[in-house]
Amino acid sequence: MSTTVVAVGKKHESWVADGIARYSKRLRKPYDLTWRLLPHSAKDHDAARAEESAKILQTLKPHQHVILLDERGTNLSSPALAAHLQRQYDSGTEVAIIIGGAYGVSQDLHHRANLTWSLSSLVFPHQLVRLILTEQLYRAQEISAGRSYHHV
Ligand SMILES: C[S@@+](CC[C@H](N)C(=O)[O-])C[C@H]1O[C@@H](n2cnc3c(N)ncnc32)[C@H](O)[C@@H]1O
């Protein structure tokens, strides 16, 4: 079992790809990430949000625990994130993490989410969110394993 990331946008851009590769190679199951990259909609704001969100929803399986990244969500400390993920993994639940497009995601997708997670109240570009997420998954893995990467 791996962790699925569903993200709107093309392949990782070069300015984040090195960082994602750096942390990805240290991730072990079930923290390792399987990326599902969906194309940006060519439509206008609301229509783009609706189309992209419908495509994201189509990729989700009913049994998956869905974590939606959104700056208006819940702030979690890294140990709290690690504990949250570990609870899912310990119960054999698959985790899917969603990164929206330029206009965010629909209410339907918000309702499907089991957790809406804010990295900060600042808005980040979605490519940068990919990198922060990958590092935080590595940090969570190390916290759960009791290793010394995380110092607080
Ligand atoms: C450019 S942002 C879109 C922001 C837009 N204001 C919205 O309506 O959601 C693209 C995606 O990156 C993610 N994102 C950006 N900043 C974030 C943050 N601080 N915390 C969590 N996710 C964030 C979200 O998944 C968002 O849908």
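Here the Cβ of each residue, glycine as well, is placed from N, Cα and C on the backbone.
Automated prediction, rather than curation, is the source of TrEMBL annotations.
Going by TrEMBL, these are the annotated features:
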type	residues	note
BINDING	LEU69, GLY100, LEU119, SER120, SER121, LEU122, VAL123, PHE124	S-adenosyl-L-methionine binding site
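When Cβ atoms from all protein chains are considered, those within 10 Å of SER121 (S-adenosyl-L-methionine binding site) total 9, not counting its own.
Across the residues annotated as binding S-adenosyl-L-methionine (LEU69, GLY100, LEU119, SER120, SER121, LEU122, VAL123, PHE124), the widest Cα-Cα separation comes to 15 Å.
Taking every protein chain shown into account, LEU69, LEU119, LEU122, VAL123 are the binding-site residues, and of these the Cβ with the most other Cβ atoms within 10 Å belongs to LEU69. Taking the centroid of the Cβ atoms of LEU69, GLY100, LEU119, SER120, SER121, LEU122, VAL123, PHE124 as the S-adenosyl-L-methionine site, the other same-chain residues with Cβ within 8 Å of it are ASP70, GLU71, SER118, VAL129. The Cβ neighbour count for GLY100 (S-adenosyl-L-methionine binding site), using a 10 Å radius over every protein chain in view, is 22. Around SER120 (S-adenosyl-L-methionine binding site), taking its Cβ as the centre, 9 other Cβ atoms fall within 10 Å, counting all chains.
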